[in-house]
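J.: The feature (6S)-5,6,7,8-tetrahydrofolate binding site is assigned by Swiss-Prot to 117, 121, 122, 123. Residues or ranges marked as site 'Plays an important role in substrate specificity' by Swiss-Prot: 225. Residues annotated as N6-(pyridoxal phosphate)lysine in Swiss-Prot, with sequence analysis given as evidence: 226.
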């Protein structure tokens, strides 16, 4: 019997229900994935008991000799994986990583260029309610009105006009590969530093499917889950000359003690991402996304930018007379989990936008391929085009339950928290 089951039945029941949801359905939120059993074991290890404020060899607590080894391994592996000069593995999240970089190179009120949240950016790229938009003068760039790809004519114009101290590249809902070299050219022209937030596509960079921002950017931030398949956490990489300020603005600037059990999980994640198996995985993620996108297009759905280069796509569900909120609910009834999402130049409200965001990282981790993507694409179209047909939705849900039996969720069977 699990310790959780015997000690806290209410939490146990919730974990069991979530396990069933993950196993019986299709997880297609682009930012979600499954970690390996080794990473889950590390995150649940005895390292969670240890406080370790400071950095390896320079701690404010005793007894850190073993966690120093863990953190040093994580740093070295991050640098090797991405070819970075320096790395900080302590950020608790991607947002914390971004905040630390901002503190390292900006003063309150400084001007920054970042992608508009409504056109694919992230909250930390200048959203007015976020700390980034409250502390700094963010000027937003966007995408072209016709092809929905980054509008570099606009980016150049804004950079020349506003002379930002920092340019932020990266996105949370942009289905195309980002040309980091182009951003570097613009940053150099106007004398700005360049930060790339590759949280969504870091795994594709690690697998050498997408171009790396590391040679071009002063700072690179990322989460370690999503396409990297690690624990939920963050990472900063930078030029060696920036490391001292980055370290200072992670600790003590924005955080206290690091989560050493999560740092261990990150170290394992970085090692996994250097394997040949992982390179195949990265390619499969992109191949699956393109197959799914092609299927949806052939059914008559509209995709932002006409398709995808990476792990995600944005579907304009107004083509089937739906809003994103109902589309999300309809697919959820079928056992397909996605999220409603704004699309470029959206005329609807953020809480009921025109689109949904769909991703393939989690399903690819489960071992699904092109044949499954074609079936899933057809299910998505059938459900959305007959959105009030509860019987159809239940039928799709049954078919999905049957299909996924051949694709178990990694780590679920090994975790004591999911075994009665």
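Backbone N, Cα and C define each Cβ position, glycine as well.
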J.: Distance between residue 117 ((6S)-5,6,7,8-tetrahydrofolate binding site) and residue 226 (N6-(pyridoxal phosphate)lysine) at the Cα atoms, whole Å?
T.: 19
J.: State the Cα to Cα distance, in Å, between residue 122 ((6S)-5,6,7,8-tetrahydrofolate binding site) and the residue listed as 'N6-(pyridoxal phosphate)lysine', rounded to an integer.
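T.: Between the Cα atoms of residue 122 ((6S)-5,6,7,8-tetrahydrofolate binding site) and the residue listed as 'N6-(pyridoxal phosphate)lysine', the distance comes to 15 Å.
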J.: Between the Cα atoms of residue 123 ((6S)-5,6,7,8-tetrahydrofolate binding site) and residue 226 (N6-(pyridoxal phosphate)lysine), what distance do you get, rounded to the nearest Å?
T.: 17
J.: My understanding is the cutoff is Cβ-Cβ under 8 Å with a sequence separation of 6 or more in the same chain; which residues meet that for residue 121 ((6S)-5,6,7,8-tetrahydrofolate binding site)?
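T.: In sequence order, the residues whose Cβ lies under 8 Å from that of residue 121 ((6S)-5,6,7,8-tetrahydrofolate binding site) (at least 6 apart) are 114, 115, 127, 140, 171, 172.
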J.: Between 117, 123, which of the binding-site residues has the fewest other CB atoms within 10 angstroms in the structure shown?
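T.: Per-residue Cβ counts within 10 Å for the binding-site residues 117, 123 bottom out at 123.
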J.: Under 8 Å between C-beta atoms and at least six apart in sequence, can you list the same-chain neighbours of residue 226 (N6-(pyridoxal phosphate)lysine), or say none if there are none?
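T.: In sequence order, 30, 31, 32, 33, 199, 200, 202, 203, 361 meet the Cβ cut-off.
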J.: Rank the recorded positions 122, 225 by the number of other Cβ atoms within 10 Å of each Cβ and report the first-ranked residue.
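T.: Answer by Cβ density within 10 Å: 225.
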J.: In DSSP terms, helix, strand or coil for residue 123 ((6S)-5,6,7,8-tetrahydrofolate binding site)?
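T.: Looking at the DSSP assignment, residue 123 ((6S)-5,6,7,8-tetrahydrofolate binding site) belongs to a helix.
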J.: Applying the rule Cβ within 8 Å of the centroid of the Cβ atoms of 117, 121, 122, 123, what extra residues of the same chain belong around the (6S)-5,6,7,8-tetrahydrofolate site?
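T.: Sorted by sequence, the hits are 114, 115, 116, 124, 125, 126, 127, 130, 172.
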J.: In which DSSP state, out of helix, strand and coil, do we find residue 117 ((6S)-5,6,7,8-tetrahydrofolate binding site)?
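T.: DSSP call for residue 117 ((6S)-5,6,7,8-tetrahydrofolate binding site): helix.
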